[in-house]
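First the structure, in the form of structure tokens, and then the observations on it.
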């Protein structure tokens, strides 16, 4: 295989999260994937090299640099060379310049042409660190194109340049924020802010409850992943402190332990739910795990194994549904409420089947410990 056949995004070997790096304690890393995203990143990095006496411009560069890790030297990127060539040839055309969905489409030129299309660029990553809060912590890290002060974006994806129309990034495009269950989420600022997660266009909050995902802003595609720092032993304490100090969301370490940083191994998914903590409880009828969905809803999954006779399970389901209805009617949120029931044998065709009762809220207390802590009123106070 010729080295030119290797995707350019794989040529960066420097690790931005090594000790001593600016991104050492990062929670997430955002890596440009397609040619447009890498070109836009390089343009921002080049702009950061500039010198100016203007204090507003100096402040803008200093703030932009906080969420960027840039390689120590420029690298060749032939795909960007092809992109720039195609751009110059299609200025008057309304057809797409480069399709992020089909990275092989730009590899049709011969090897001699490839050599002439080499382009030196700055490579690197964007990152979010809880040790470096955004300008407005209650809102989150604002993602978009370069803006003039005082309304600076925290993550600058591109400059306002001749390539701006190709990038399709708005000045205020999206928000990245930490959720109360400790996961990072993305949310478009307006309906016109084209934002996609794993190929799906989103219009509301989308939580990253798995270790990595594909994220797009306009035509710029990135790989978002939880960084080394989010797996450190002290990370839950850092999350607790950040939620308390910057978002005024009080959480205990025990609560946060229910949704640790998503594992890098293959996730266990039951329906829409991804298991975040393994077995946290075991009773006579089944085992309990903690799971969440991509909207940030955290639940308890009770797994029960049943035989061909499902009558007992149906009776349990009926009781739980009745209890859930009573809780809703009385606005009672301290008791588990049934959300849904999932089974791997809908038609009852197998001798043995698994049934999952999905309930919320997922809490660190059981009834006995809640009574001990005085969470329920006694006697006439009930």
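Cβ atoms here come from the backbone N, Cα and C positions, even for glycine.
TrEMBL assigns the feature region 'Disordered' to one of the listed ranges (27-56, 57-86, 87-116), namely 87-116. Other Cβ atoms within 10 Å of the Cβ of residue 302 (ATP binding site) number 21 in total over all chains.
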